[in-house]
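Structure in structure tokens, see below.
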Amino acid sequence: MARTSLHNCPAPAKLNLFLHVTGRRPDGYHLLQSVFQLIDRADTLHFDLRDDGRIVRTTEVPGVPQEQDLIVRALHLLADEYRRRHGRAAPGMDVAIDKILPMGGGLGGGSSDAATALMVANHLWQAGLSRDELMALGLPLGADIPFFVFGETAFAEGVGEALQSVPGPDCWYVVLEPGVSVPTPAIFGAADLTRDSKPVTISDFSRYQSVHNEPVGFGKNDLQAVAARLFPPVAEAVEWLGRYGRARMTGSGACVFCALSSESKADDVLAQVPAKWKAWKAKSLAQHPLKSLLQDRCVVE
Ligand SMILES: C[C@@](CO)(OP(=O)(O)O)[C@H](O)COP(=O)(O)OP(=O)(O)OC[C@H]1O[C@@H](n2ccc(N)nc2=O)[C@H](O)[C@@H]1O
Ligand SMILES: Nc1ncnc2c1ncn2[C@@H]1O[C@H](COP(=O)(O)OP(=O)(O)O)[C@@H](O)[C@H]1O
């Protein structure tokens, strides 16, 4: 019997261990180099097949109307592709979401939600897309979506769509939420953003890790100076967390993280966090928890 629902599906967050802006494409999009690391802090999604072809988000997400939700938009794209391939409408889906990742946090929450939706719907609908096809389908909605479908620690280039697997550090992170939502376009559009970081190679990153064993040591986040200027709470969080190790912003902000070698060291830092900030610990994840859904080109067990 084919499955009709999948509940408690994780959509994990990512950290950008470093993020360099190396140039700009003719369309204005920025060329990046980054290492994307999955962590075990996640939104949780629940999927139930419908038989009327409709795609319905059954929970409210404050500030995100249903038709703008990346989950709903991604499922519409997959439904269009389903119709092209199978010559009939896709079955439809109800999606509920328990959202804990902050929006505009640089943790890729919206993109991860969309990637989880693509992987699960591809499975439940038996749509038959390969991993690469799902990555390409998601890219126009968000540059981080291909990474989440890729599903392992990655050295990323282009706008984030050219991905190579790379061994990531096995460690704990403390993440501070500075309490502001940073709009990505404001950061990329800033006049003082530096766009000329010298290109590095995947071997430069791996060599650094093997010599220094320092997850947040390699490179820097080129978006951080602009975000810290426009959003002072980001600067304050970097300065505070910097007492406990190298602290860095993820993505275009606002969240700030530092690496710790053990869970108890992460707990020690968390015990000191001022009450005005939300903070949590997370462990690095080598693989996306849903990766196995794509291994068999979606043959339902
Ligand atoms: C910075 C990163 C790093 O992982 O992550 P987040 O901070 O969002 O998690 C991503 O590249 C975020 O990519 P994406 O998710 O596509 O960004 P969006 O919010 O859709 O982009 C908003 C706008 O930012 C600019 N933009 C975005 C990405 C890029 N490589 N160059 C750009 O110039 C474009 O003007 C775009 O219209
Ligand atoms: N399911 C979703 N979850 C979060 N944000 C979403 C979602 N769908 C659309 N968005 C929009 O995407 C924006 C970026 O959200 P998010 O991916 O969480 O942050 P970031 O890109 O900084 O990591 C939000 O401000 C929101 O308007």
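Each residue, glycine too, has its Cβ placed from N, Cα and C.
No curator has checked TrEMBL annotations; they are predicted automatically.
According to TrEMBL:
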ACT_SITE  K14  active site
ACT_SITE  D144  active site
BINDING   P102, M103, G104, G105, G106, L107, G108, G109, G110, S111, S112  ATP binding site
DOMAIN    70-151  domain 'GHMP kinase N-terminal'
DOMAIN    221-278  domain 'GHMP kinase C-terminal'
Other than its own, how many Cβ atoms are within 10 Å of the Cβ belonging to P102 (ATP binding site)?
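If we count other Cβ atoms within 10 Å of P102 (ATP binding site), we arrive at 19.
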Using other CB atoms within 10 angstroms as the count, which residue among the binding-site residues G104, G106, G108, G110 scores least?
G104
Could you say whether, by DSSP, G108 (ATP binding site) belongs to a helix, a strand or a coil region?
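Note: G108 (ATP binding site) is coil by DSSP, not helix or strand.
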I'm trying to understand the geometry here, so how far is the Cα atom of G110 (ATP binding site) from the Cα atom of D144 (active site), in Å to the nearest whole number?
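Cα of G110 (ATP binding site) to Cα of D144 (active site) measures 9 Å after rounding.
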Looking only at DSSP and grouping its letters into three states, which state does P102 (ATP binding site) belong to?
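In three-state terms, P102 (ATP binding site) counts as coil.
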Taking 8 Å from the centroid of the Cβ atoms of P102, M103, G104, G105, G106, L107, G108, G109, G110, S111, S112 as the cut-off, which other residues in that chain fall inside it around the ATP site?
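My list of surrounding residues reads A13, L101, G251.
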Mean pLDDT, the domain 'GHMP kinase C-terminal' (221-278)?
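A mean pLDDT of 97 is what the model gives the domain 'GHMP kinase C-terminal' (221-278).
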For D144 (active site), which of the three DSSP-derived states applies: helix, strand, or coil?
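For D144 (active site) - judged by DSSP and reduced to three states - the answer is coil.
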Identify, in sequence order, the residues in the chain of D144 (active site) that are 6 or more apart from it along the sequence and have a CB within less than 8 Å of its CB; answer 'none' if there are none.
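K14, F36, G108, S111, S112, G160, G251 - these are the non-local Cβ neighbours of D144 (active site), listed in sequence order.
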When secondary structure is assigned with DSSP, how many helix, strand and coil residues does the domain 'GHMP kinase C-terminal' (221-278) contain?
30 helix, 9 strand, 19 coil
Please check each of the recorded positions K14, P102, G104, G108, G110, S112 and report the ones with a CB atom less than 6 Å from an atom of ligand 1, ordered along the sequence.
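Those recorded positions that pass the cut-off, since their Cβ is under 6 Å from ligand 1, are G108.
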Near ligand 2, meaning Cβ under 6 Å from any of its atoms: which of the recorded positions K14, P102, G104, S112, D144 fit that description?
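List returned for ligand 2: G104.
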